[in-house]
Structures are given as C-alpha cells and as structure tokens.
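Going by Swiss-Prot, these are the annotated features:
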type	residues	note
ACT_SITE	LYS95	active site, schiff-base intermediate with DXP
BINDING	GLY156, ALA182, GLY183, ASN204, THR205	1-deoxy-D-xylulose 5-phosphate binding site
Amino acid sequence: MFTLADHTFSSRLLTGTGKFTNSHTMLASIVASESQIVTLAMKRIDLKLGQDDILTPLLAQGLTLLPNTSGARNAKEAIFAAELARDLLDTHWLKLEIHPDPKYLMPDPIETLLAAEKLCQMGFKVLPYVHADPVLCRRLEEVGCAAVMPLASPIGSNQGLATEAFLKIIIEQAKVPVIVDAGLGAPSQACRAMEMGADAVLVNTAIASSRSPIIMAKCFADAVKAGREAYLAGLGQVQPHASHTSPLTGFLQQMPAENTNTVEPL
C-alpha cells in the first residue's frame, strides 16, 4: 500500500490525462494502468462552466484528481492556478509545476520553493515537480510538501533515467514519498525506478504516445508492481568479479589423486 498525504492507495503508478488521441482511449488506458491518481492540467477545464467533460468519466471511476499548475511561469501564477483548482475541483491536492522555459520545460527551483512554502501555509497538499536536486528536495520537505517529484529526464522526452545517481540520493534521504516524474519512456525504466526504492512513478507521454496506449498502460502497471516487489525482496549485490553459483571445488578435492591427472590426448 502507498500512503500519500494521509490517503492510502494500492497502486504506485500515477498517470496523466494529456496527449491521448481521444477521451475514450485516455479513460481506457487509465483503467488498464490501475492508477488511482491522475494529473489534470487546469487549462483543460472550462472556466465558464466550472467543469469539462473530461472530469465526469474520471470522477465516475473514483479516481483522485491531482490538478497541476502546468503553464505557470512563476510563483504568483502557480498560486493563482492552485486557488482556481481548489475552487473548481474542491481539492487541496496540487502538483506544483513552474517552468518558464517553453522549449525544455525545466522547472524553476527558486520560484517552485517560494510557491511551495506559501501553498503549504495555505493548507495545500503540495507535490512539487523539480529537478533531481537532493538539496532542493530536502528544502521542499522542510517547508511542508507532501511528497517530492524529481524528474528522470526532460518532461515528455521518453529519455528514461538520466538522473539516476541523484534520484538515489533523494530516495535515501527523503522522509516524504518520492515520486519519479517526467521522462520515463518504457516500462523497464519505471521498473528500475521502483527497484531503486522510489515510492511511486508518474507516467503520461510514454503511454499516450505509444502505438497501443491501453496495452502499454497495462505493461507499466505490471512493471511498477515487479519493481516494487524486487525492491522489497532485496536485489543481489553487484560484484566486481565473477562468483560461482555451483563451484566444483569441494567435489574435485574428494577425487582420488590418480583421477585428477590430465587426460592423455587420443
């Protein structure tokens, strides 16, 4: 079981709602992923109606919505989006995203920390999307964030675990859940993140952009489960040298000396 912001979930795979070709494929993929938490960009909600037809099927599945502030360029804009999400969706949960660079979508660490501290004071359950920076993640934890979401590689890139060395440090030090976010492009990469000890992963593009999103969602679900079980089982230690699994040493030492001579060539 996975505990996040005082809620318990059976799935450790979070999914997104963007980039799918249609809403039917999106919903079927989410169901196949067994995910219980889905992210939702505020820009996808109709401000006049207060809702969008994307919400109805998601809520009907009993999913926990995690609105994000994607598109915010600074702390002020992110806080505005957070208040809007709280009013429209009646939730204090928030994925905090601040990326002023539209090309690479790198999160702004300074604005993110400023916004996170203020939002935590306002009662939000903040899950910040950040660089895989152990120092920043610790600071975010100190200001009250419910979890940290360090990136594996640039968002939407499918490049995989480019920040693995730093993710390991964050996982080792964190006292809040670590959700590896952004850039995971294959089920094997999600499995590896879980093997490292991540509490959960968030996947969107790798599922939505695949040839068969519904099947791919199921693959990610299975990979996350396998990775978590492998972590709990304890991976074998990597050795710098070879090691026999079934050495013959003891058996050969018991053989009579005359039987150990070199065989004569024919």
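Every residue number used here counts from 1 along the chain in the order it is shown.
Here the Cβ of each residue, glycine as well, is placed from N, Cα and C on the backbone.
Feature map: Swiss-Prot annotations on the structure.
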residue : record                                         : CB count, 10 Å
LYS95   : active site, schiff-base intermediate with DXP : 27
GLY156  : 1-deoxy-D-xylulose 5-phosphate binding site    : 18
ALA182  : 1-deoxy-D-xylulose 5-phosphate binding site    : 26
GLY183  : 1-deoxy-D-xylulose 5-phosphate binding site    : 22
ASN204  : 1-deoxy-D-xylulose 5-phosphate binding site    : 22
THR205  : 1-deoxy-D-xylulose 5-phosphate binding site    : 18
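Spacing of LYS95 (active site, schiff-base intermediate with DXP) relative to ASN204 (1-deoxy-D-xylulose 5-phosphate binding site) is 14 Å (Cα to Cα, whole number).
In the three-state DSSP assignment, the secondary structure recorded for THR205 (1-deoxy-D-xylulose 5-phosphate binding site) is helix.
The secondary structure of the residue listed as 'active site, schiff-base intermediate with DXP', as reduced to three states from DSSP, is extended strand. Close to the recorded 1-deoxy-D-xylulose 5-phosphate site, the chain also has GLY16, PRO154, ILE155, SER157, ASN158, ASP181, LEU184, GLY185, VAL203, ALA206: residues not among GLY156, ALA182, GLY183, ASN204, THR205 whose Cβ is within 8 Å of the site's Cβ mean position. When the record's 1-deoxy-D-xylulose 5-phosphate-binding residues GLY156, ALA182, GLY183, ASN204, THR205 are compared pairwise by CA position, the greatest distance found is 9 Å.
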